[in-house]
Structure formats: C-alpha cells, structure tokens
Amino acid sequence: MGPLWRNYYMDIKSVIFVVDSTDRGRLGEARDKLHCMLDELALDQAVLLVLANKADLPNAMKAAEITDELGLHSLRQRTWYCQATSATTREGFEEAFDWLSSTLAKLER
C-alpha cells in the first residue's frame with residue numbers, strides 16, 4: 001500500500017473494497033493489496049465490505065467466487081461481506097449498504 005494511505009486509517013470503522021468481477025487476471029493483485037491493507041494495526045477493528053462490481057456483465061464472477069479468490073474466509077477475526085454489484089444498473093448496492101449500516105449499528109451498541 002502506498003505510504004500516504006496510512007494517514008487516512010485513524011478511527012476507521014469500515015473498509016469498502018471494490019473489485020472488477022470481470023477481471024480474473026488482477027484478482028490476485030487485488031487480494032494481495034487487500035490483505036496488506038488489512039494488516040495495518042489501525043484497521044484491525046474495521047469491518048470489510050467487498051463490492052464485486054460489473055455483476056451485470058455475462059463474464060462476471062459470482063460473489064462466492066470473488067470471496068474465494070480474495071481469501072475472505074481466512075479473515076476469521078474480521079466481520080466481512082461480499083456483494084455482487086453493478087454501478088450501471090445499481091444492482092446490489094442497497095443490500096450492500098444495508099448490511100454495512102446494520103453491522104456498524106450493532107457494533108456501536
């Protein structure tokens with residue numbers, strides 16, 4: 001991760017990570033960047049929302065496949081959710097942000 005990114009990590013409650021669900025070739029790079037970022041101590045309590053964008057395209061991977069490719073199941077100490085989305089059709093965004101809102105509300109109780 002870029003050294004400047006660390007300046008923005010203080011008091012973060014959630015991380016929203018967007019991937020292109022049609023770009024299989026770069027998911028390994030995305031996984032590495034995600035896990036490197038999540039290793040930052042300042043983010044150890046942040047919940048993770050992964051948006052698998054471009055779900056409306058025929059060659060898009062499903063959220064379950066993105067979950068596996070990003071190694072999300074290995075994040076046992078972190079609350080996370082992966083949602084297929086489409087910025088074009090707005091598919092999945094309501095579900096994604098409903099999850100994020102309710103998850104953050106539960107943590108603040």
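Indices start at 1 and increase along the chain as displayed.
Every residue, even glycine, has its Cβ placed from backbone N, Cα and C.
As given in TrEMBL:
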type    : residues                   : note
BINDING : Asn53, Lys54, Ala55, Asp56 : GTP binding site
Hey, for the GTP site built from Asn53, Lys54, Ala55, Asp56, who else sits with CB inside 8 A of the CB center?
-> Ser21, Thr22, Ala52, Leu57, Ala60, Ala84, Thr85, Ser86, Ala87, Thr88, Thr89, Glu91, Gly92
All chains considered, the count of other Cβ atoms within 10 Å of the Cβ of Ala55 (GTP binding site) is 22
Neighbouring CB atoms within 10 angstroms of the CB of Asp56 (GTP binding site), all protein chains considered, total 17
Hey, of the binding-site residues listed (Asn53, Lys54), which one tops the CB count within 10 A?
-> Asn53
